Amino acid sequence: MWGLMAVSAVGFAVQSVPPYLSGDAADAVLPLNPDVALHYLSLTVHAVPGGLALALGPLQFVNRLRVRRPTLHRVVGRVYMMSIVIASIAAAVAAAVTISGFAVQVAFSILVMAWLYTLAMAYRSIRRGEVQLHRIWMIRNYALTFAAVTLRAYLLLGLQLSPSMEFEAIYTAAVWASILGNVLVAEYFIVQRMLAPLARRQQRRDAPLLSTPV
Ligand code: HEM
């Protein structure tokens with residue numbers, strides 16, 4: 001799963017960011033708002049650090065690297081955080097001026113807030129030395145970062161499965177599905193792989209106390 005995630009994250013970043021590096025608005029994949037001169041620039045300032053965060057994220061989940069090279073983990077973590085702060089501010093602008101419709105604006109605005117909130121919580125927990133909590137918040141945060149990849153996957157799937165449907169409807173559904181789907185997968189992973197073992201251990205520890213007659 002990690003390999004699939006890492007390859008698709010890097011692959012998507014390498015393929016989707018270049019149109020926003022040329023400085024030529026005609027290269028934009030998305031239709032731009034003709035009334036907003038800075039629309040293309042907002043997508044560039046969003047996509048470049050967004051792509052960097054997407055590509056760096058998987059490295060941070062490699063246990064061996066984190067244990068053996070803690071300084072590298074810290075440096076990459078800071079670059080990841082700064083990238084998301086810049087990408088999310090630009091995303092808020094892109095969401096405000098997009099011509100993709102109101103439902104898309106609402107979805108991206110929620111995504112921006114959740115992206116920043118989970119990042120802030122991850123940072124706060126590690127500053128307090130709460131390592132497990134930091135991991136949980138980073139899983140949530142990267143699940144949101146990875147929505148950029150699943151969005152395009154759902155979009156391609158939707159276009160293949162429903163060629164007669166309007167592009168805007170498929171795009172809107174793909175945006176919402178990518179956010180909800182990734183959040184659900186992240187929460188499932190957190191509960192099954194992290195919280196359930198802790199809860200079982202706690203229950204085993206409490207069992208003798210609970211079975212003691214009063
Ligand atoms: C998870 C938080 C993210 C939010 C809230 C967000 C928000 C947005 C918004 C509002 C747009 C314009 C959409 C439109 O006009 O319909 C956009 C486009 C774009 N985003 Fe993001 N994005 C996020 C993550 C990422 C990441 C991690 C990347 C990594 C490369 C990325 C790359 C792009 C690209 C390349 C575009 C231009 C559209 C395209 O060419 O397909 N985004 N994003």
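Cβ atoms are placed via backbone N, Cα and C, with glycine included.
In TrEMBL, annotation is done automatically, which means it is predicted and not curated.
Feature annotation from TrEMBL assigns transmembrane segment to 40-59 (among others). Residues 2, 5-6, 9-10, 12-14, 16-17, 20-21, 23, 25, 28, 30, 32, 65, 76, 79-80, 82-84, 86-87, 89-91, 93-94, 97, 142, 145-146, 148-149 of the same chain sit 6 or more residues outside the transmembrane segment (40-59) yet have a Cβ under 8 Å from a Cβ within it.
The transmembrane segment annotation in TrEMBL covers 79-100 (among others).
Residues or ranges marked as transmembrane segment in TrEMBL: 106-126 (among others).
The feature transmembrane segment is assigned by TrEMBL to 138-157 (among others). Distant neighbours of the transmembrane segment (138-157): 5, 8-9, 12, 16, 50, 53-54, 57-58, 60-61, 84, 111, 114-115, 118-119, 122, 170-171, 173-175, 177-179, 181-183, 185-187, 189-190; these residues of the same chain sit at least 6 beyond its ends, with a Cβ under 8 Å from one of its Cβ atoms.
Under 8 Å from some Cβ of the transmembrane segment (169-191) lie the Cβ atoms of residues 100-101, 103-104, 107-108, 110-111, 136, 139-140, 142-144, 146-148, 150-155, 158-159, 162, all in the same chain and six or more residues away from its ends. Taken from TrEMBL, the feature transmembrane segment covers 169-191 (among others).
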Close approaches to the transmembrane segment (106-126) from elsewhere in its chain (Cβ under 8 angstroms; 6 or more beyond its ends): 81, 84-85, 88, 91-92, 94-95, 98, 133-134, 137-138, 140-141, 144-145, 147, 172, 175-176, 179
